C-alpha cells in the first residue's frame, strides 16, 4: 500500500509546498522592524513594533477559520487538491504585500491593505501545515511516519532560514535606508515565482482518496461532536509547539535587535545559522521519534523548553553573535522536537473520516492563541515589566501546561501500541489532474 514511488511523491509535494508557503509567511516576521518604519512612521519605536506585531497576530486570528474551511474541504474532496489551492492563495497574498503603495501615497489605506493581505495569508496558512501533515502521514509507511513527518518540520525551518538569508542579503547589499524606502518589497515579490513552482509540484502528486460513500457530509459538525475532548488535549500540547516555534524563528531576532541592541546584520546572521541547524536536525529527530513512544518525546520537548528558557535569555543578553547563536540553539532543542512530534501525533490521534478537520481546527486555534501572539506578548512583557527575562517566564508557564496536557494524550506510535486511532490510508489510489 505504501509504495516508495507514492511515498516519495507525497513527501515531495508536502515538503516543497511547505517551504514555499512558509517562506511567504516568514518574510513578514523578519521584516518586522522595517515594516514598522514603513507603515507606522508616526509612532514611537516600541509602539510601531507593537502595531506591526499586532498585524502579525491578526493574521493568526484567521487561521482557525482557514483550518476549519480547508480541513473540512480536504475531508470531502481530498488533501492534494486543497494543498494546491492553498499554495496559490498564499502566493497571491504575499505578492500583494509587495505591491502596497506607501502611507505617503495612500495614507491610512496602506496599513489597512497590509492587514487585509496578512489576513488572507493567515486564512490560507490555516490549511497548510496540518493539511500537509495529514496528507503525508496517510501516504507513508506507518513505522516511518515521524521520519517522513519531520520533513515538514525541516521544510518549515528551512523556509524561515531562506527568508532570513534573503532579508539579510538585501539589507547588506543596499543598506538600511534603501531597505526602508523600497528594498523590503523584493522578498514579497520573489515569492510569486516560488509559489507557482510549489503549485505545479502539488498538482502532479499522487494521493489515496476515499470513495465518495465514505466521505463525511458535515465534517466540522462530526469532528466537534466526536473529537472535542481529544482536540483540547492535543491543543494543550501544541501550545508549547506554537510558542516555542515563533519565539525561536521570529521573536528572537526582534529581542536581540531591539532589547539587547545587537547590530541587525549580526542578528540575522545568527538566526540564519540557528534556523539552518534546526532544518538539518529535524530529519534526525524524526528518525529518533519513530524509535520512542510519542508521549515520551512530547514530555522531553516541553521539559527541555522549561529548562532552557531562562538560561537562553540570560546568554542572549550578552549581546554577541556567539551568545545569540548559543541562546537560539538552546531554545531550538524544544522547538524542533515539539514541531517534529506534533506533525505526526496530531494526524495519528484523530479518526480518519474527519482527520483533516480535527487537525486543522486544533492546530490553528492553538497557533492563533499561542503562536501568533508570541512576538506581541513577548515584546509587551519586556516593555511592561522592564525585564528581558519576562518572555522566558511566559515560555516556562506554557511549557508546563503543555507537559500536563501531553500526559492525557494516548500513545499512537505503531511500534509501541497494537492499536491506534484509525490511521489508515483510503484504498483508492488516484493521481488527480
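Quick reminder: no glycine exception, Cβ is built from N, Cα and C everywhere.
Features of the protein shown, as given by TrEMBL:
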DOMAIN    10-413  domain 'Major facilitator superfamily (MFS) profile'
TRANSMEM  12-40  transmembrane segment
TRANSMEM  46-70  transmembrane segment
TRANSMEM  82-100  transmembrane segment
TRANSMEM  106-126  transmembrane segment
TRANSMEM  152-170  transmembrane segment
TRANSMEM  182-201  transmembrane segment
TRANSMEM  230-252  transmembrane segment
TRANSMEM  264-285  transmembrane segment
TRANSMEM  297-316  transmembrane segment
TRANSMEM  328-349  transmembrane segment
TRANSMEM  361-383  transmembrane segment
TRANSMEM  389-409  transmembrane segment
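A contact between the transmembrane segment (82-100) and the transmembrane segment (182-201) is present, since 3 or more of their C-beta pairs, 6 or more residues apart, lie under 8 Å. Here the listed stretches are 264-285, 297-316, 389-409, and the one with the most C-beta pairs under 8 angstroms to the transmembrane segment (152-170) is 264-285. Same-chain residues lying 6+ beyond the ends of the transmembrane segment (230-252) with a Cβ under 8 Å from its Cβ atoms: 26, 29-30, 32, 56, 156-157, 160, 223, 271, 274-275, 278, 298, 301-302, 305, 316, 324, 327-328, 331-332, 334-335, 338-339, 342, 345-346, 349-350, 358, 361-363, 365-367, 369-372, 374-375, 378-379, 391, 394-395, 398-399, 401-406, 408-409.
Per-stretch counts of Cβ pairs under 8 Å to the transmembrane segment (389-409) identify 297-316 as the leading one among 46-70, 106-126, 297-316, 361-383. Averaged across the domain 'Major facilitator superfamily (MFS) profile' (10-413), the predicted model reaches a pLDDT of 88.
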